[in-house]
Amino acid sequence: MLFEQIARNKRHTLYVMAAFVILLAVIGLAVGYVFFNSAIAGLLVALIAAVFYMVLMISQSTDIVMSMNHGRELHQADDDPELWHIVEDMALVAKVPMPRVFIIDDESPNAFATGNDPEHAAVAVTTGIQARLTREEMEGVIGHEMSHVRNYDIRLQTIALALTAAISLLVNWGMNAFWWGGGRRSRDNDRDGNGAQVLLMILAIVVIILAPLAASLVQMALSRNREYLADAGSVELTRNPLGLISALEKIDDSQPMQAADPSSAALYISDPFKAKKSWTHLFDTHPPMADRITRLKNM
């Protein structure tokens, strides 16, 4: 089961990378066509941006994400012995290297894992989760995060985060160029465009508008699916579903975070902003907490 899940996540990583390139290519073509009168130029800029952003995220993802979420790193066990040893124990049970450990100064209880692979992983917890949870509950939470590390979920989420951020940046770049350029392409089309050109223009604009939404939906779907798997993985590591159940109940009954970055919301064990759930759940970063707890109770 475990090795099948790791292999599946590695395949999903390739699929997400392919989607990343395809979406960026499409948005690049659209931005180039609408704003610069050259779809090919837009495509080249998008591909260059994709390569740069992927290299940056893969090589620097941990530091970037931790900086965005105001995490401070523990460098040795003496910095926080209890947290350090819980992470160390769970890493040993999960058979993964000891990850880097960070603390986020925030009263709301929450935690997340990030990185590129088990050899370059990091775990962050808030001061709020340390204050409210017992050791048994903390083991359940850290076991959940170690499952993300062990199953290569962290790589999948790093790529999804890059996908969402890069497309948003490309759209913003195109819109800024449009406004500063005075909408030159639109005026040219108004003067000498035919019906087909107008249709292409409308289609390109629709693509530009919907691309960030599509990227966000992919990221959210990935996040929802991985939370169920990590919950089950935590129980496998700790042999104690009650610890995680109690932890999730306390996390759910808390105030929103202040230090969390919106683009990292999907990484956390629970939605850090306590956003109202949509009835379709398409726009939710996490599955309903009640469903997660019910599944754990049925194990």
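Numbering starts at 1 and runs along the chain as displayed.
A Cβ is built for glycine as well, from the same backbone N, Cα and C atoms used for every other residue.
From a predicted model like this one, the values you see are computed outputs, not experimental measurements.
Annotated features in Swiss-Prot:
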type     : residues         : note
TRANSMEM : 16-36            : transmembrane segment
TRANSMEM : 38-58            : transmembrane segment
BINDING  : H144, H148, E227 : Zn(2+) binding site
ACT_SITE : E145             : active site
TRANSMEM : 159-179          : transmembrane segment
TRANSMEM : 198-218          : transmembrane segment
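Here the transmembrane segment (159-179) has long-range neighbours at 13, 16-17, 19-20, 23-24, 27-28, 31, 34-36, 42, 45-46, 49-50, 53-54, 57, 61, 65, 185, 208, 211-212, 215-216, 218-219, 222-223, 263-264, 266-267, meaning same-chain residues at least 6 beyond its ends whose C-beta is under 8 angstroms from one of its own. Taking a C-beta cut-off of under 8 Å and a sequence gap of six or more, E227 (Zn(2+) binding site) has these contacts in its own chain: I269, H286, P287, R292.
DSSP assigns H148 (Zn(2+) binding site) to a helical segment in the three-state reduction. DSSP gives E227 (Zn(2+) binding site) a helix state. Counting every protein chain shown, the Cβ of H148 (Zn(2+) binding site) has 29 other Cβ atoms within 10 Å.
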